[in-house]
Amino acid sequence: MYTLSNPNLFATSKQRHSGCPTARPVKPVSPVPSDIEIAQSVKPVPVKEVFRGAFNLKDEDVFSYGPYKGKINLNIWEKLKDKPNGHYVVVCGINPTPLGEGKSTTTVGLSQALGAFLGQKVLTNIRQPSMGPTFGIKGGAAGGGYAQCFPMEDFNLHMTGDIHAITAAHNLFAAAIDTRYYHENSSSAKGIWNRLCPVDKNGKREFEPTMYARLEKLGLGHKKHNPDLLTEEEIEKFCILDIDPDTITWKRVTDCSDKYLRKVEIGLSPSEFSKKKNEQMKRTSSYGITVSSEIMAILALATDLKDLRTRLGKMICCYSKKGEPITADDFGITGALAVLMMDALPPNTMQTLEGTPALVHAGPFANIAHGNSSIISDLIGLKLVGKDGYVLTEAGFGSDMGGEKFFNIKCYYSGLKPDCAVIVCSVRALKLHSCEAPKIVAGQTPAKEYREENLHLVEKGCANLIAHIQNVRRHGVKAVVAINRFGTDTEAEIALVKKIAEENGAFSAVVAEHHAKGGAGATALGEAVMAACKTPSEFNFLYDAKNDSIKTKILKVVQEVYGGADVKYSEKAEAVLSRYQSDPAICCLPICMSKTQYSLSDDPKKLGAPKGFTITVQDMYVSAGAGFIVVLLGDITFMPGLPIKPAYYKIDLDFSQKPPRVVGLSKAAMLHCRKVLPARTANALRRAAAFSTLPKDGLTLADFMPSAPAAAKRPQPMRKPKWLKMVNPNLTQEGTERYKEVRATIKETGLATVCQEARCPNAGECWSGGTATVMIMGDTCTRGCRFCSVATSRSPPPPDAEEPRKVAEAVTRWGVDYIVLTMVDRDDLADQGAAHVAATVRQLKQRQPDLKVETLIGDFQGKLDLVEEVLNSGMDVFAHNVETVERLQSTVRDRRAGYTQSLNVLRHAKQARPDVVTKSSIMLGLGETDEEIQQTLRDLRDVGVEMVTFGQYLQPTKRHMKVTRYVTPEEFDQWRAAGEALGLHVASGPMVRSSYRAGDFYKSIYKDRMTKGAAAAQGLKQRPRMEVATQPTL
């Protein structure tokens, strides 16, 4: 057993802060011992003392279950309900590796930083772990290293018996279901009536109060005090639930991983033989793990004991043969379930290693339930910490799983608004999400790619982090990124993650080293969270649970959180959906998406930030008591299995200690990975050297505070080079007159052009040549690309139905012979706006048959039928911009866009109408390499693109992506030549934009086609250099 080199683990009492009087910063040693060795080397403070010191509670406010764990008295709510709430912070993560990202560890480490180092009142609310994973592959879940909730043995095993209470209540209900099914098939309605409502010694019958709910459901509530008023027909309705055994969904549970219970046959005993039906009352069933029970989800969502009982009564366990739902209330068992659960409702009180208070309560899984600790813990906690304090709560897995459900299920029922979200990531996970690094397998040493610096893998994997930042911000919540540091992470890798995170919307991105240093390693994270909480929350829900249809809710999650394009439903799911949508009590519920945690999609192999995929809904069921519809996106296992070497191999009693101590109860997989991080690395060596010469009197507070950073020179902003200075075009007298004429006419019609709105420097050239560009469908986009200054909104105003006519009338007056129609993305519309674009083209062509129309459109989420709708409108040039190289797509464009998706759109346009000219545009100055630009040109050529424009990216505002460099005119000339060498028509120059001299482009290509005698349907076979492609020297 490991022995601490410095038994004086805690700092002196002088270092305690007013925010948490029992706080005591730890003195870490290096290398970091195992979790349980650290936990057992600390003498915990009696839990009543922790809560008394932190919140001035009295002894009767905390019930003890031994000295170091207890339960909060729910009566405290009445005392505190009028006090203001503190700051509400949720901790979630990116899509994890099989080893986890350390969210629990980060939550505890942040608590220790706020309470033990930053002088804040803080309370940590986390889930109670199941013993299944504890003895299986995961090990304990109390945090890790010097950021733990302890005592670990209490935390990871029985705690105060809440999970056992759930097991008992759940299995009681299961027994009631099968018992009732047996008796209904073995007895008459009259026989059941005489046993449910027997005649007493006074000759009277009485209903039990727990039967009233069933009577109310049948419309017999007015007879509940006089059973004799029921008719024979009403007696049969009351007694016979008419259970369809094939619809029984209520399986039995146990708090153990046991895959052999995934399918069982029950009812095999001779006592389950029905003489009435002359058959054995057997059926196929299964077991789930206790934390998968709906009762666990109800415990996490209930706000008080009455709410708990109401929710328990609504649980649907099966359906009648007529298809009617049968609930716990129908069995009269709700009261018994509530009694079994009443002692589990008060949150459990514990503490962190550094003496900050914690509430540990409920533990629903994040894949088959909502994956958050209890509402009641948060409600009480926010009152306890007061208006300047902090409540930290953890959401399971990534922002796409527990995070999304925290926002749209937990906050929906609690009425609380989060002030900040912490997104936990690691360099290790980001490398995995690059899709180029080897797999990570729990229990095995990670490959060398994870132990050596590789900025390419990190940058590419950051697409996943960016998606999660966007998910948080989409709910109006500020995102603070916590980079959970490992010993093999280099400074360059960390700096790159911080840069990318902050450039893509993170409020702040900071390194967290709480695993190795305790709260001292998370002070920067604490300060970032405090800063983020100073501004008001703008929290909003993703969908309208009450008014949106079930399909709309699902589609919004898929498109706006996962980054998918569409949803398809199995026949089974469609049938269930139809029934649920027609039930007003069900269709108004939030949805709980059940999918893999390893990917934003429903395919665990699709890492990074996949785009354009279609989600398949396999099935769905309603958890009516919990209050959500579970949407199954794949085969979900409710009962885990054990690996070949489960964690229980490490767990034992050490009898050399007095009293005997538990050993091996650590976060097994995480511990293994931490151990393989070599102490030989420079960072580990420095830490080891520092702790090998500790002062005899112990560390002081100063030893844990970060030293003042060296004065750094403020980076000088990049100045625009002289070739980007706008100059008037050198027009002929005729061109000047044409320019003035078009400008005056545009002003008269009042129609906004992109040329004016974007203050395009090329307007003079284009207008004098008879070309203009108009943006239709409004000025607000549903996407948030990081290079674009167009306003964004999830619900822009509806398009003007008269706009096609107005545009056609205005363009006719302008007297131009070439018009470019561009559009904002409208993901909020069923057809993405395709019909509106097509209608505008048709109106233009009706008025001016000779007018050439170019449509510069979005990707329509990759829906090719919508692309064809535009193609069939009569337009002449189909333009769609890839914007940048493949690697930078997720950084530059909205996550609903994608490189492959854009290429597919362009390819299909050419295949569907070979006569149409296809066109795309690329911005330079975003960090692309020459090789990537060349590959992009080849990709565009291979899908049939004929025209390409190159232009310099210019940062619209400080909020947008920064320019990495200004590309010289000579380089633009080189890219023009490179494109032409591939047979492309190219316009390339610093000020060139998508629609630059579009009319001249078209005329040149049309001339080529006529000259070569090529049929339009066959496209161009040869593309000689275009004479108008070079931009004038500026």
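From the backbone N, Cα and C atoms, a Cβ is placed for every residue, glycine too.
Taken from TrEMBL, the feature [4Fe-4S] cluster 1 binding site covers C755, C760, C766, S995. Cβ neighbour count for S995 ([4Fe-4S] cluster 1 binding site): 28 (other Cβ atoms within 10 Å of its Cβ, all protein chains included).
Marked as [4Fe-4S] cluster 2 binding site by TrEMBL: C781, C785, C788. Under 8 Å, Cβ to Cβ, and six or more positions away along its own chain, C781 ([4Fe-4S] cluster 2 binding site) finds C788, V790, A791, T792, S793, P796, V824, D825, R826.
Feature annotation from TrEMBL assigns domain 'Radical SAM core' to 767-985.
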**Asked** Neighbourhood of the [4Fe-4S] cluster 2 site (C781, C785, C788): other residues with Cβ within 8 Å of the Cβ centroid, in order?
**Response** R783, G784, F787, S789, V790, T792, V824, D825, D894
**Message:** Whole-number answer please: how many Å between the C-alpha atoms of C785 ([4Fe-4S] cluster 2 binding site) and S995 ([4Fe-4S] cluster 1 binding site)?
**Reply:** 19
**Prompt:** How many other Cβ atoms are found within 10 Å of the Cβ atom of C788 ([4Fe-4S] cluster 2 binding site), counting all protein chains shown?
**Reply:** 19
